[in-house]
Each structure stands twice: as structure tokens, then as C-alpha cells.
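Beneath this line is the structure, given in C-alpha cells, with notes to follow.
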Amino acid sequence: MSQPQKQHLIDPEICIRCYTCEMTCPVEAIVHDDSNVVVDFDKCNFCMDCIPVCPTGSIDEWRVVETPYSVEDQFSWMELPEQQDFGPAGSGVDTSIEALDEQMAALLAEAHSGAGGKSKAPASASKPSVNLYTIGKPAEATVQGNYQLTAEGADSDVRHIILDFDGHPFPVLEGQSIGIIPPGTDDNGKPHLPRLYSVSSPRDGERPNYNNLSLTVKREPNGVCSNYVCDLKVGDKVQVTGPFGATFLMPDDPDAKLLMICTGTGSAPFRAFTMRRQRNAAGRSGGMTLFFGARTPQSLPYFGPLKKVPETMLRKHLVFSRIEGEPKQYVQDKLREEAATVGDLLKDPNAYIYICGLRSMEEGVESAFADIARRNGLNWTDVRNGMREEGRYHVETY
Amino acid sequence: MLDLINVSYDTQIPNNVGLSSDKRVLKALEKWHPGYINWWNDLIPENFQQSLVYLRTAVSVDPKGWAKFDYVKMPEYRWGVLLAPQVEGRRIPCGEHAGEPAWQEVPGEYRALMRRLIVIQGDTEPASVEQQRFLGLTAPSLYDMRNLFQVNVEEGRHLWAMVYLLHKYFGADGREEADDLLRRQSGSEEAPRMLGAFNEETPDWLSFFMFTYFTDRDGKMQLESLAQSGFDPLSRTCRFMLTEEAHHMFVGETGVGRTIERTCQVMNENGIEDPYDTDRIRALGVIDLPTIQKKLNLHYTLSLDLFGQEVSTNAANAFNAGIKGRYMESRLDDDHKLTGDTYKVLDVDGDRIITRDVPALTAINMRLRDDYTRDASGGVGRWNKIIEKAGIQFEMKLPHESFNRKIGVFADKLFNPDGEHVTGAEYDEGMKNWLPTHADGDFIQSLMKPEREPGKYASWIAPPKVGINNKPGDFEYVKLHMA
């Protein structure tokens, strides 16, 4: 039996046939006839160059298929076919598939788009499980704890939520996400779709060898799911899908150097990475460096516990943009200050870069990297693309 | 070594042309910049200038960097000079120099011709922003308002692109032309914009959508032909502009499509089958399909005039000199010189429309216009699918090229939209069914009520199928500044 594979498609009902994607595609995988513009499965290498140039959003469509749709099939379409149902998939599936249901896959594809091409997992990363639980068949978890991470009176409310899965297997790796289905219906009377949250605990559980995990969730004004999660009480039952994500993972190599850059709740996976190394390898570590931005120390999640992690384990650069009487500082400013060590990491074949947080941080971080690369006589785009191809450059922004 | 992919921010102007090491041009542009900012600030109503708009900004020309989305105040938008990456060993694609290495500097003999083409292209960019300046006040949703402003800032960037070429390659003459681009004003008595179609105010949103669909598509075809230029910097500029131009096509096609969709939906909800039951349909707050067809007739025919005379020696000279190519020149399979070839053009013989073969070289305009018509008919077909899906008996059509023309062989001749010659009396009688009347304009104007709640749309237009950058339906595309 053939393995399910991911196929890139274009929505013929939304496409305006401007052919910009066709002109952009570096491998000529996109072709058109008088009716449709389509992607040739045999040629597309998922470089994602066509995604941002599309003016309509019709190009960001994905299906997991057993037999790919041919170019001729696609020419005849008036609308996109539905996603086939595959049910849960174990670790046997093509490991580049981040999720088997299209909405989650699209969300992750967008979150990872800042990497500038198809994301790849580190070669040594453990193999993730994806889609064990779906909207139709979610897992039920019980809330074990809900702690406020930000100080009273801080300008944001960030929560540390612990979920227990009781007897249901729910294997996650550091860097993976889970979906939470808020109860109730949307304006159109349809059940809410799950929202994705990155797991902030390591693979053996928030508490070692307990079947639980933790999330880091910020309350958003009018956020349907974030308010639901932030208001959860111990003992409440929660509907969970996932796990999702197959590329934003850590290398299984204690000597690998990790450079982690985040803002706000983007710290969740890096808490998991750090705890994984603390618990495993008895603290042995090729070195981890964290650049963490927040408005104030009071609004920086895990500010207290983070300070207790020894510098030998994790070099910490905490930067704040709203401290009274001090100039605003952002992660990219700190990166530039640390240009020498960051430059060394860009040249190190065993260094891995992870960026997680708000979409708006991407550009500043990229331009800091470009400057640092230039000073080291490197071209950032080449460095980035090379690292990404080797599974050493990861972006998850939202 | 210049970094051609990563835009340098060490100067006032984001660019990938090494401006910081080109002191002469940098100085000229920095001198031009304040006038540009004044032009922009005088143009767009103040409270929109202060509003945060969810805009796409190009920060570099690789596919990843050219579409960064974030909230921006329009006067702080980073208008930059971005050229598509240089193609190694590119050659002049057409005309008598075909096959020679592409020019990196302007050849002296073509200087005047080239400057004129760049100025004409450059003049249309600020003109359309001027024509659309008041539309923000009546936007049917925040989504549409954002799309309008995206179109506006990108037209602004296109002006920058042309001004860069003038400053970089045309010396003192170029600087003077660049200043004049800010001096002329759409609709001005003393100093109007160069092309007629760019001196009319865009009065309402349906006109805006038709304008972006039909008139910006002329712009797209002109850019396509300049993207084939043997003058490499011009070609590279236009190639990058085309990527942005696709957004304008999108705004036009989906804007008209959503208007049609809403009309069909309301007709069905109210059991109206006859698309010509105008009074009942209009009373429900939507635009009847025949009126939409009339707007289509108007904007399509105005846009055809922008292609100039069917047979033109200027166009032949530009092609022969390798300054302008044909649409998709590099994909065409001929000698790219057109020395012995002919092309069919329409002409008038008494009351009859005939086709005649003329030397292909002189029919460059006609050929581009034919390519345009083919390109424009695609969206009309997709609009008809919306009507068909709603089960309504009506079909949108492009009128015949002879109808309502002011330039070319059909200028001021009496043809109806089917391309039949009619008498003066028949023409006068027909016109009210063929082109929008003042009464139609008044009716459309009466629907132009602003809707400023996120996720809500005015009565006459359907919401889009997908949000910008995949944003959800109630996303606040513009955070309005309440003065």
C-alpha cells in the first residue's frame, strides 16, 4: 500500500489566473490551460516560493493523498476535492507531514513559512506521532493546574496550564503542538475549530513519567479559545486533538548547540527544550543560548524559574521593550550586540536556530542575522537556506 | 560585493540597488522624497493617514521577503526601490538588436524615446491614487478599505521605481521629469495627467473595481511589454512591479465578482428571476446586473483607448529598437524581429468592419490589445459562473472593440456593443442601455455608505471567500484613527 503523501493544490474558485505563481516557481512545477492554474505533483519540491506572491490566498491549499491528483485531473476541476479521511496515523507516515487534517496542516504551514522554504526536521530528531486524535475523535484531558505566570497588574495575563491524559496515550515531542477545541459554536452555529498551542513540557511529561503536559497560553482580548483556556479550573475536562508538527523539533544530540529566539508565549517550546536537556544527558549540553523578549520582567513568562537555570546550561539574554526610563530593546538589538557569538553559531555545522513568537519579530531578526552574516563575509539567504535544508533552521510564528 | 537580495536599510530608502554607495542618485532621491511625502499627505484624508492599516510591504525581492504583512500608518510605509534579480547573461529579446547583450546603460540614440516611455508609465501611478483619493470615506468594509490603501501605496512605490530610473539614468532631464510627476495632477486644468483616462475622478466603488480590473490591466500589459525591454534596469523594475500589480487585478476581479454575487443572492432571497426587474432589485439595496454590464462597457472601452492607434510607427520603432517587447516575448516562437510578418488588424470600410493584414511590426499596439482582451475575458467568464451558479439567466459580455471609442480607427463612429453600425437616432436611443446614465450614477452613489465594523459589509457587496494573508472574517484590517 502506498504511503499517504502531501500534495500542493490551487483553489480554482479563488484563483484569478494572474500566473504570478507560475512565473515565480523556480522548478516550473506550475502550469495552466484555458481553465485552471495547477501544480504538477511530480515537480513541486515544496520550496514555498509561490505562497507569498499569490494575491488571492488560493495557492495555500494542501491535501494528504494516497494517489496524487494528476495535472489533467486538476485542469478539469471547478472546485477543490475534499480531504480524504485517513484516521489516526502513527510514526510510519512520511515524516514531513505535520498534520493529516487540512486546517491544522495549513496553520502549521503558515506558522513555519518564515523559514523561507520547506521546513525539515533535524536529522537526528526523534520521530513524531501526528494526528492521533482528531475533531471527530478527540482525546479528553483533565486540568491538573492553572497558574498565572505574569505578575498581578502586568499588562498581559499568561497562564501555565497542566493537562492530564489519564490512560490515553498522548505522545508528544518538544516543539510539537496540540489542538484545543473550545466548547460552543461560532457565529454561523458551527462548532469551533481547534486552536493550536505549543507544548511547553518535555516528552516525559510535565512531571516525569506522568501522562501529562503543559501549555503556555496568553489571554487575548475577545479570544474565544484563549479565554476559555485561561479560565479553566482544576478538574475541568478539555477536548484535545493532535499532536501536530513534524519539523520544529530538537536534534537528539547533546552536543548540538541550540540558539533559541522568542517573544512572549513563543517561549513554550524552549522551556520544553531546556527541560529535556536538564532531565536527559544529566545536564550535558553543547550549549543553549536564549534570546527572550518581553515588554517588562513582570510580563515575561517563567521569569523566576528561568533565572534559576544555570548560565552554563543556558545562556540567557532577556530583553525588555517597555522599562521606564530605559531605551526600548528588542531581541534583534541584543542579537546585534552579541554579533560575535551569534556569528560563530552561523558558521558552526552543529548549531541549530529556532525562532518562535509573534510574526512581527521575523523581519527584525532576519535583518539582524543578515547584518551579522555580512560582517562575517556570509550571505544570509544562502546561510539560512543551507541550514534549513539540513534541518537546522526553524521558524514558528503567528 | 552588493547584496542584491537583502534590502539595505542603512539609508532612508529601502532598496536593492546599492543606493548607499551611489551618492549622486541617493542625494537626488533624498531631495525628491520630501515633495513626495507632501504630495501623499495632501492627498489622502487626514484621519486615514493616522490610521493603522494592515499592509503588505516588500522588504526584499526574493519570494520570502517581498510580502511582509503588518499594521502601518500609510505615511510611514516604506516605499522602496526594488528590482527583480539580474539574470546572468540576459540578451535583448527583440528588434534589430535581438541577441545582443542587454543594455545596462541607456544607449544614446534611444534616450529620448526611452525617457518618454518611462515618464508616461510613471505618470499613471500617482494619477490613479489621485483619482481614488476620496474612496476611503465610503468603503463598504474595512477589508475593502485596506485593499484600496494597498493598491494606493503600491502605486506610490511604482512611482518611486520610475523616479529612480529617471534619476539614475537620465541626469538633469530625468530630475526635471521626476519633479513634473509630482507637479501634474489628475483632473487639473493647468497641468493634467498625460493620459485622458487618468484625469477622471473615480466616483464610487464599483467604478474602482472596474478600474482596477480593466484599466490597471492595461497597466499590467504595458508593464509586461516593458519587462521585455532590452534596457535591463527597466526590465527588472517592471518584472518586480508585475508581482504587485497582480494584487490590483485581484481587487478588481473579486470586487466586481462580490458585487455580482450579492445581487444574485438578494434576487434569489426575494424570488426575483428577471434580472431586468430593475426597480425591485434596486429597492433591495443591490446593483442590478444590467447596470453592472453598463459599467463594464464603459471601463473596458476607455481602457482599450489606452493602447493607442492600431497601426503605429512609434510602437514599431520601440519594438525594433528593443525598448519594448510583446506580451511574453521570450515565450513566442518566431524570429523576434517581425521583418516579413503580417498581423490582422480591424479597420472600418464605410459602415463595415473589416480585417486587413498589415506589417506585424506596425501592429504591435493591436497585438498587445488583443492579448489584453484575451486576458480580460477570463474574469468575465468567472463572473458568469457566479451568475450561473445562482441560477439566474444573464450573461456579462465584453462589448465589441468598435463600441464607444475615442482613439483608433473606430473613434467617434457609431457602433453598438455588438459591433453593428447604427444610425444616429439608434445610437442616441441605445446609449442609455449601453453606458451608465447619470441616473445610474446617482443610484450607485446612494449605496455608497461606509461600513466600518470589522467583518461587516455594505448592503451591495458580498464578503470575500478568503481573508488577506489568511486572516479570519472579523479581522480588523484598518484600525481607524478617530480624530
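For all residues, glycine too, the Cβ spot is worked out from N, Cα and C.
There are 24 other CB atoms within 10 A of the CB of A:Gly357 (NADP(+) binding site), with all protein chains counted. According to TrEMBL, the feature NADP(+) binding site maps to A:Ser198, A:Lys218, A:Thr265, A:Ser321, A:Arg322, A:Lys328, A:Gly357, A:Leu358, A:Glu396.
Feature annotation from TrEMBL assigns domain '4Fe-4S ferredoxin-type' to A:6-35 (among others). Sequence-distant contacts of the domain '4Fe-4S ferredoxin-type' (A:6-35), counting only residues of its own chain at least 6 positions beyond either end whose CB sits under 8 Å from a CB of the stretch, comprise 41, 43-47, 49-50, 53-59, 61-65, 68-69, 71, 74-80, 94, 96-97, 105.
Confidence for the domain '4Fe-4S ferredoxin-type' (A:37-64), expressed as mean pLDDT, is 87. Taken from TrEMBL, the feature domain '4Fe-4S ferredoxin-type' covers A:37-64 (among others).
Residues or ranges marked as domain 'FAD-binding FR-type' by TrEMBL: A:136-250.
Between the two most distant C-alpha atoms of the annotated NADP(+) binders (A:Ser198, A:Lys218, A:Thr265, A:Ser321, A:Arg322, A:Lys328, A:Gly357, A:Leu358, A:Glu396) there are 28 Å. In the three-state DSSP scheme, A:Thr265 (NADP(+) binding site) falls into the helix class. The sparsest Cβ neighbourhood within 10 Å, among the listed binding-site residues (A:Ser198, A:Thr265), is found at A:Thr265. Residues near A:Glu396 (NADP(+) binding site) in space but far in sequence (CB under 8 A, at least 6 apart, same chain), listed by position: A:Ala111, A:His112, A:Gly114, A:Ser198, A:Phe248, A:Gly266, A:Pro269, A:Tyr354, A:Ile355, A:Cys356.
Summarising the environment of A:Arg322 (NADP(+) binding site), the number of other Cβ atoms within 10 Å of its Cβ, over all protein chains shown, is 13. Residues in the domain '4Fe-4S ferredoxin-type' (A:6-35) partition by DSSP class (helix H, G, I; strand E, B; coil) as 5 helix, 7 strand, 18 coil. According to its DSSP assignment, A:Arg322 (NADP(+) binding site) is coil.
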